[in-house]
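Taken from Swiss-Prot as is:
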ACT_SITE  24  active site
ACT_SITE  42  active site
DOMAIN    9-99  domain 'Acylphosphatase-like'
MOD_RES   2  N-acetylserine
MOD_RES   22  S-glutathionyl cysteine
MOD_RES   93  phosphoserine
């Protein structure tokens, strides 16, 4: 992965109709396409949560996708981002679905 610019890390939680609509699978695919690492999982309260890490521009692209696009049959009401920070190195080697 090219590290043009600072590396960023951000936590996210997506609200809406995001479970049972292949949201995690599409999130993993989009993350790999953009070139970010991290993870995604369903929560017990019906949301999807996770973390994204990578070059700032790629993290911003993923944030936009998590806020506006999602999987084809999902309906995103809102996405909360928290704990956004600059990191010195990536903590993950890929993007994965957690269970």
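Placement of Cβ uses the backbone N, Cα and C atoms for every residue, glycine included.
Positions of Swiss-Prot features highlighted on the structure.
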{"residue": "22", "record": "S-glutathionyl cysteine", "CB count, 10 Å": "15"}
{"residue": "24", "record": "active site", "CB count, 10 Å": "21"}
{"residue": "42", "record": "active site", "CB count, 10 Å": "18"}
{"residue": "93", "record": "phosphoserine", "CB count, 10 Å": "8"}
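As a summary of secondary structure, the domain 'Acylphosphatase-like' (9-99) carries 25 helix, 39 strand, 27 coil according to DSSP. When the recorded positions 22, 24, 42 are compared by Cα distance to residue 93 (phosphoserine), the shortest distance belongs to 24. A separation of roughly 11 Å, to the nearest angstrom, links the Cα atoms of the residue listed as 'S-glutathionyl cysteine' and residue 42 (active site). When the alpha carbons of residue 24 (active site) and residue 42 (active site) are compared, the span between them is 8 angstrom.
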